[in-house]
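Marked as transmembrane segment by TrEMBL: 39-59, 71-92, 104-124, 144-161, 168-189, 201-223.
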Amino acid sequence: MTLFHFFNCAILTFGPHAVYYSATPLSEYDTLGTSVKAAVVYLATALVKLVCLATFLQVSETEVFDPYQEALKAMIGFIDVAGLYFALAQLTHRNISQNHKFQAVGLGWAFADSVLHRLAPLWVGARGLEFTWDYVLQGLEANANLVFTISLAALGSLMWLRKNKPKTLIPIIYTCAVIIATMPSITSYQKRVMGWHFPKIVGFELVTSLVMAFCSCQLFILCQRPSL
């Protein structure tokens with residue numbers, strides 16, 4: 001029963017990444033190398049973030065929300081945006097379209113994040129004798145993170161790679177990108193100040209990820225239209 005629960009949670013956590021790759025044109029255009037490069041960039045970015053967090057943030061023994069610490073954490077979180085920029089704009093890719101490039105980069109980035117932050121807790125905890133919903137919720141949270149990451153990669157490709165986008169859409173693109181980039185601080189506020197429990201936070205992340213995906217998709221479509 002414990003291994004069955006572990007495999008179910010593992011499939012819920014990592015399965016959507018494989019499904020997304022095989023069910024979209026990414027597999028047809030052999031973009032696996034791009035995803036692997038993005039995963040490597042993510043690991044390097046995570047190392048830089050870890051050093052910055054250990055250097056500048058104070059370890060708190062309480063769950064009290066500290067605006068200064070959270071603002072600093074949010075600023076450090078923008079290192080992810082810099083890493084995505086490097087993966088999208090600076091790495092050499094095969095001859096793939098911008099549409100496939102941001103999806104491959106976002107997919108590799110999200111998969112590396114799930115492996116780094118959820119594989120070890122899943123392996124240790126989901127094989128326990130007592131059933132718990134925590135790891136099911138972590139799997140759902142990984143799905144929301146996948147949607148968030150691909151949406152942020154789409155917005156990043158519009159910000160950094162598309163030169164002829166309508167000027168009226170630029171503020172909207174940047175606003176959506178900031179919302180996604182600061183999502184960890186938003187959920188921290190919900191947990192520590194508003195008293196939200198983990199299931200409610202995961203539900204919020206799932207709903208918000210779908211909204212951000214819809215906005216990113218519409219912005220991408222509008223920016224692809226020829227300007228009059």
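The backbone N, Cα and C atoms fix where each Cβ goes, glycine too.
Since this is a predicted model, take the numbers as computed values, not measurements.
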Do any residues of this chain, six or more beyond the ends of the transmembrane segment (71-92), have a C-beta under 8 angstroms from a C-beta of it, and if so which? 34, 37-38, 41-42, 44-45, 48-49, 52-53, 56-57, 101-102, 105, 108-109, 152-153, 156-157, 160-161, 177, 181-182, 184-185, 188
If I count Cβ-Cβ pairs under 8 A between the transmembrane segment (201-223) and each of 39-59, 144-161, 168-189, which range comes out on top? 144-161
What stretch in 39-59, 144-161, 168-189 has the biggest tally of Cβ pairs under 8 Å against the transmembrane segment (104-124)? 144-161
When you scan the chain for residues with a C-beta under 8 Å from the transmembrane segment (39-59), skipping those not six or more beyond its ends, what do you find? 69, 72-73, 76-77, 79-80, 82-83, 86-87, 91, 108-109, 111-113, 116
